[in-house]
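Here's the structure we're looking at; comments come further down.
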């Protein structure tokens with residue numbers, strides 16, 4: 001009722017200056033329309049039905065004037081209206097329509113050439129007066145309206161509001177004399193929004209919105225419905241005629257104010273100013289491309305939220321801040337799903353996301369026997385979106401290639417880096433093939449393999465050179481046969497006399513200072529070799545002149561007599577007896 005009170009206040013403020021403006025009340029004949037001379041003409045004979053309009057006329061390219069619809073030979077005579085009925089209309093010169101039957105401008109342009117045409121009240125010319133005459137006083141109308149509104153408040157529910165900005169088109173099935181066929185009288189009037197929404201559309205008739213056919217409704221929605229048909233006013237009126245309805249009172253009050261109303265021109269195919277119409281039909285006509293575009297916009301929004309979430313990871317959220325991007329994304333997905341369902345777009349879920357356990361609509365990733373949202377199929381370690389990159393599975397969790405190799409791939413013992421391709425397993429360790437080489441010379445191992453010492457791998461040559469036993473003669477590694485003597489290993493070819501390099505016969509040798517010698521060189525090294533015969537002294541020996549001699553080999557160098565008495569003379573490292581020394585040197 002607050003809306004009705006506001007309506008009455010608006011009506012009072014609007015009609016406060018009505019006393020300064022004329023109010024025209026006229027009586028409506030059953031087959032008449034206003035002309036430029038402000039008189040009524042009545043059709044003499046019902047004309048034949050005109051042919052259907054051409055396709056050009058329907059498309060709004062050809063404007064048929066109203067005169068073309070008049071049959072030839074029709075004559076109209078002035079007739080007294082049988083009963084008073086107020087008619088209010090307004091038109092402009094520029095009003096035009098594509099079809100005379102569904103146009104407001106055609107009817108108004110045919111009415112006359114004035115800028116604004118108002119119907120003047122005709123005096124009662126009939127012999128018999130009307131049973132009831134409606135009062136033209138504005139006060140009586142207002143009091144009647146107040147009484148009706150009180151009754152309406154007691155009986156019916158209060159309406160939701162009065163849409164003063166909307167325009168309804170009221171069609172009357174009374175035939176118009178000037179058209180020559182059954183037409184519709186078009187009256188512009190405000191209407192209640194609830195009543196308009198509850199009224200059903202009229203099939204096959206003019207569209208309730210500005211006389212456009214319903215099949216060609218440019219707004220794609222359901223416009224305001226037609227108001228109730230006005231009954232034909234004959235000579236007598238009943239109780240219902242005496243008590244006008246709320247709609248008729250509103251029409252009278254609205255049209256009593258001579259405020260110019262601009263004509264509404266509707267061309268079939270375009271509309272000069274689109275009206276706001278809310279309808280479920282408009283929503284159900286959305287195309288599949290529109291739904292796809294909404295999904296693309298949603299994916300772009302998801303990417304923006306992802307970047308926002310990554311940028312805000314390091315910073316703490318202020319107290320009382322906004323909700324998390326995850327909840328906003330869930331809200332967006334839920335609202336999109338409900339909106340698509342309301343619009344009639346079937347969104348069949350392509351599966352349930354393995355991460356968020358929610359249905360998937362749009363792009364889907366299939367991996368590891370599950371379906372995922374693209375933004376939820378991320379690396380378990382770094383939480384980066386995997387997308388179309390390669391990934392590895394570990395314990396049912398996806399990992400990107402970098403993190404998987406970093407976490408689970410074997411490490412090279414040499415460089416400690418992850419092994420991505422080929423691997424060499426040796427010494428209970430793993431190696432890159434290019435990092436498994438000799439620890440001494442750096443050469444790669446050939447078919448002969450490698451040798452291990454102290455956890456390191458060596459080639460054959462370096463291993464024996466470094467760790468194999470060395471020969472006592474040549475100091476080289478002994479690889480095959482060897483001779484063990486003097487606490488040393490010897491190559492067989494290296495175990496010989498260290499002086500004459502003669503192999504030992506029957507394996508017997510003499511040792512001096514840790515080296516093997518033959519008998520001769522052994523005694524020579526030791527000084528036990530007879531200086532006279534150059535043979536080893538195995539028994540008694542005489543030591544003279546820092547030399548050793550067999551007793552029988554120590555003789556005079558001139559007479560060769562044995563010097564057994566123990567006296568001799570030495571001259572030039574040679575022993576002489578005393579008589580020979582005197583003879584030779586004295």
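Every residue, even glycine, has its Cβ placed from backbone N, Cα and C.
The phosphotyrosine annotation in Swiss-Prot covers 88, 210 (among others). Swiss-Prot lists 119, 126, 130, 273, 301, 317, 327, 335, 528 (among others) with the feature phosphoserine. According to Swiss-Prot, the phosphothreonine annotation covers 132. Annotation comment: Swiss-Prot describes 245-257 as motif 'LD motif 3'. What Swiss-Prot records for 328-340 is motif 'LD motif 5'. What Swiss-Prot lists as domain 'LIM zinc-binding 2' is 412-462.
Annotated features taken from Swiss-Prot, shown on the structure.
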residue	record	CB count, 10 Å
301	phosphoserine	14
335	phosphoserine	11
528	phosphoserine	13
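Mapped onto DSSP helix, strand and coil, the domain 'LIM zinc-binding 2' (412-462) counts 6 helix, 13 strand, 32 coil. Put simply, residue 301 (phosphoserine) is 110 Å from residue 528 (phosphoserine) when counted between their Cα atoms.
Per-residue pLDDT, averaged along the domain 'LIM zinc-binding 2' (412-462), amounts to 91 for this model. Calculated from their C-alpha atoms, the gap between residue 335 (phosphoserine) and residue 301 (phosphoserine) amounts to 14 Å. A helical conformation is recorded for residue 301 (phosphoserine) in the three-state DSSP classification.
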